[in-house]
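Enquirer: Next up is a structure, given as structure tokens.
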DNA sequence: ATGTAGGTTGAGGAA
DNA sequence: ATTCCTCAACCTACA
């Protein structure tokens with residue numbers, strides 16, 4: 001008996017390396033590739049650049065599906081409201097999707113699965129968003145997520161190489177499969193335009209990073225060709241994939257992973273509430289050209305270099321402004337095209353020395369760090385053209401330039417460009433002391449006995465142990 | 001168990 | 001230009 005199948009696209013907007021899609025085509029007579037604009041995910045915290053990226057990816061996916069005599073069906077609404085109607089209307093017998101480990105996704109998928117069962121629809125998912133099954137990684141580590149990269153590497157070594165990506169379906173695979181591409185459906189389920197979504201894309205600059213599978217594969221290909229000698233993990237591309245796996249596994253095994261409170265691996269810090277400083281950081285007016293240039297690029301282009309992320313994250317949190325990493329997390333989520341729930345939360349904890357990374361006395365200087373690789377300040381000049389006439393010796397610290405130099409540069413600090421929001425040298429020293437106190441408190445909190453050192457070692461993993469036991473019962 | 005090594009990329013100065 | 005040391009001293013993994 002052949003199936004009427006919905007394949008539900010969510011994160012993996014691609015045809016290759018999509019085992020759930022291939023599974024959907026088995027014994028299938030009708031296929032409905034579906035994407036849902038879920039108000040929970042897309043109404044809040046999505047910057048206009050990310051919208052453009054998403055629409056591009058959907059168009060690319062639709063285009064690829066049409067080459068297979070199929071198409072993408074785009075719907076709006078809560079998935080638990082949308083699916084029951086589709087099940088009835090299309091007489092669906094099977095639903096497939098790629099497994100997604102985010103807490104919201106898990107609860108959403110659980111709801112949809114039980115609705116599907118009520119409608120007599122078979123549900124299948126495949127793991128292909130991560131290299132490995134994150135549960136399997138934890139199994140190899142006594143049921144806990146590995147908390148160091150080295151440990152993850154050792155586990156992965158034991159598990160062997162991940163499955164190779166499978167090719168995209170071909171016309172041959174689709175020969176017995178039909179998709180109803182009627183004129184009426186065209187209007188009803190088409191990809192919405194920016195205007196229909198109330199977005200003004202004309203305010204955006206050039207699209208430097210188009211969304212979609214074809215562009216992604218092209219970039220990967222280009223990278224692999226360009227890189228003659230591939231470095232080793234952790235800094236290689238391979239290493240980056242393992243870092244991704246590392247944070248994904250942590251995000252599955254550690255409760256409240258995107259928050260400080262209730263997160264057992266996160267050091268509890270008395271961050272300040274400081275809306276003015278937060279706004280200055282977000283809006284690129286901290287008075288530190290390197291920081292402001294990075295925040296400008298982030299807003300304009302939706303992508304910034306890895307080390308640039310380090311610099312602004314350290315500045316917002318433990319380095320200078322002493323604002324919670326959760327605030328930075330929200331801003332990155334809104335603006336980064338490559339924003340990802342697990343990686344965002346993991347890296348913010350890393351950079352704020354709240355978890356994984358603990359050498360809080362190593363503070364990135366908002367002046368010196370950029371100078372290391374860009375003495376002339378070309379990067380600053382590109383994103384803050386207001387400062388481009390400053391000579392290299394002052395471009396990272398324009399407030400130190402004599403009045404005459406500022407006048408010659410056509411930019412007066414305090415008038416055309418802000419004064420530095422903090423005095424880095426003093427404030428970072430003070431903040432290191434505050435971090436020290438937070439760590440000391442963490443040690444004493446998790447340890448009743450007077451011998452602190454031992455207590456930390458014993459108590460820390462036992463918290464996770466308890467949580468794991470709880471989980472197993474459920 | 002207790003000590004030690006290492007931790008994806010700090011900064012600044014000396015050699 | 002590159003490497004090493006010091007600053008002050010964190011955590012996790014492993015022997």
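Glycine is no exception: its Cβ is also placed from the backbone N, Cα and C atoms.
Those TrEMBL annotations? Automatic predictions, nothing curated.
Summarising the annotation, TrEMBL assigns domain 'Photolyase/cryptochrome alpha/beta' to A:3-131. Annotation source TrEMBL lists FAD binding site at A:240, A:241, A:242, A:243, A:244, A:245, A:246, A:247, A:338, A:339, A:340. Per TrEMBL, site 'Electron transfer via tryptophanyl radical' is recorded for A:271, A:325, A:348. Feature annotation from TrEMBL assigns region 'Disordered' to A:434-474. Marked as compositional bias 'Basic and acidic residues' by TrEMBL: A:434-445.
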Enquirer: Considering Cα atoms only, can you say which of A:271, A:325, A:348 is the nearest neighbour of residue A:244 (FAD binding site) among these recorded sites?
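Expert: Comparing Cα positions, the closest of these recorded sites turns out to be A:348.
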Enquirer: What does the structure give for the C-alpha distance between residue A:340 (FAD binding site) and residue A:325 (site 'Electron transfer via tryptophanyl radical')? Integer Å is fine.
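Expert: Each residue's Cα considered, residue A:340 (FAD binding site) and residue A:325 (site 'Electron transfer via tryptophanyl radical') end up 15 Å apart.
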Enquirer: Including all protein chains shown, what's the count of other C-beta atoms within 10 A of the C-beta of residue A:246 (FAD binding site)?
Expert: 28
Enquirer: Looking at the recorded sites listed here (A:271, A:325, A:348), whose Cα lies nearest to that of residue A:242 (FAD binding site)?
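Expert: Comparing Cα positions, the candidate nearest residue A:242 (FAD binding site) turns out to be A:348.
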Enquirer: Please report the distance from the Cα of residue A:246 (FAD binding site) to the Cα of residue A:325 (site 'Electron transfer via tryptophanyl radical'), rounded to the nearest angstrom.
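Expert: For residue A:246 (FAD binding site) versus residue A:325 (site 'Electron transfer via tryptophanyl radical'), the Cα atoms are 19 Å apart.
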Enquirer: Which residues does residue A:325 (site 'Electron transfer via tryptophanyl radical') neighbour through Cβ under 8 Å, counting only same-chain ones at least six apart?
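Expert: In sequence order, A:260, A:271, A:313, A:316, A:317, A:348, A:349, A:351, A:352, A:354 meet the Cβ cut-off.
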Enquirer: For a quick check of packing: other C-beta atoms within 10 Å of the C-beta of residue A:240 (FAD binding site), how many?
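Expert: Neighbour count, Cβ to Cβ under the 10 Å cut-off: 13.
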Enquirer: DSSP says what for the compositional bias 'Basic and acidic residues' (A:434-445): how many helix, strand, coil residues?
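Expert: Here the numbers are 12 helix, 0 strand, 0 coil.
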Enquirer: Counting other Cβ atoms within 10 Å, pick out the least crowded of the recorded sites A:271, A:348.
Expert: A:271
Enquirer: Counting Cβ neighbours within 10 Å across all chains shown, tell me which of the binding-site residues A:338, A:340 comes out on top.
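Expert: Counting Cβ neighbours within 10 Å, the top one is A:340.
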Enquirer: What whole-number value in Å do you get for the largest C-alpha pair distance within A:240, A:241, A:242, A:243, A:244, A:245, A:246, A:247, A:338, A:339, A:340, the residues recorded as binding FAD?
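Expert: Between the outermost Cα atoms of A:240, A:241, A:242, A:243, A:244, A:245, A:246, A:247, A:338, A:339, A:340, the distance is 17 Å.
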Enquirer: Let's check the environment of residue A:244 (FAD binding site): how many other CB atoms sit within 10 Å of its CB?
Expert: 17
Enquirer: In three-state terms from DSSP, label residue A:338 (FAD binding site) for me.
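Expert: Once the DSSP labels are grouped into three classes, residue A:338 (FAD binding site) ends up as coil.
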Enquirer: Where does residue A:348 (site 'Electron transfer via tryptophanyl radical') sit in DSSP terms: helix, strand, or coil?
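Expert: SS state of residue A:348 (site 'Electron transfer via tryptophanyl radical') = helix.
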